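Annotated features in Swiss-Prot:
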DOMAIN    3-233  domain 'Glutamine amidotransferase type-1'
ACT_SITE  85  active site, nucleophile
ACT_SITE  202  active site
ACT_SITE  204  active site
C-alpha cells in the first residue's frame, strides 16, 4: 500500500498529509512533484494550500500542471483520489468532480473547527464511519462556497454523492452551521464511480490527540481498510 501526496507550488498542507499517513498510520508515503507524470501509488492525495498562488481562481492553474494529466488517468482507471480544500478545488477545475467553488458568502477567510455530518458511509472514504455521524474537523479557506446547477444537485443527492454536510454539534443541518454559504451545506462530494472525494475541511489536522482531536482519523482509516481489501482498482 502506497500513498502519493502531490506537491504544487504554493501547497502548504502536503507535509501534514505526509506526516499523518507515514508517521501516524505507518503507511508508505511519497511526495509527487507537480511536474512528475510517472508514479506508482495506490491512493493520491491532493492537499490544501494556495497552488500557484490561487491566481485566476483557486485550482485554475494547478489543473494544467503535468501531474494532473496522470491524476485524471489514475482516477478514470478507478484509483482512489482525495482532494482536501485546495485539492477539492483542483478536482473541480479538472472536471473530476461536478460544480465549482465561489468566494465564501462572508467574503472572509474562515479558519476554525466545524461540524460535518456523514451523509453516506458506503464509500471508500467513509466506510469506518456510520451514517449520521458528526465529525469535528477544521476548515481554512476563502473559497469554499460550493455551487452547482439545480439538476446537478438533484443528481448528487439521488446518487448519494453528497458525502459530508455542514451541521451543528447535534447533527442538525442549519444555515447557521454553514461557514461559507455552500449550496445544500455541502462540505464534501464524490464522483459517480465513488473513487474520487473532494472535501473542504482538513482531516489531516485532526488525526492526533496532540492537535486537539482525532475525528479526521476515520477518513484515513476508511481509505486504508479499502486498500487492504485490494479493491482500489477497477
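If you go along the chain as it appears here, the first residue is 1 and each next one adds 1.
Positions of Cβ are set from backbone N, Cα and C atoms, glycine also.
For residue 202 (active site) paired with residue 85 (active site, nucleophile), the C-alpha to C-alpha distance reads 7 Å. Cα spacing between residue 85 (active site, nucleophile) and residue 204 (active site): 11 Å, rounded to the nearest whole number.
Taking Cβ-Cβ distances under 8 Å and a sequence gap of 6 or more within the same chain, the neighbours of residue 204 (active site) are 13, 16, 17, 19, 20, 47, 84, 216. In three-state terms derived from DSSP, residue 202 (active site) belongs to neither a helical nor a strand segment and is classed as coil. When Cβ atoms from all protein chains are considered, those within 10 Å of residue 85 (active site, nucleophile) total 29, not counting its own. Within 10 Å of the C-beta atom of residue 202 (active site) sit 22 other C-beta atoms, taking all shown protein chains into account.
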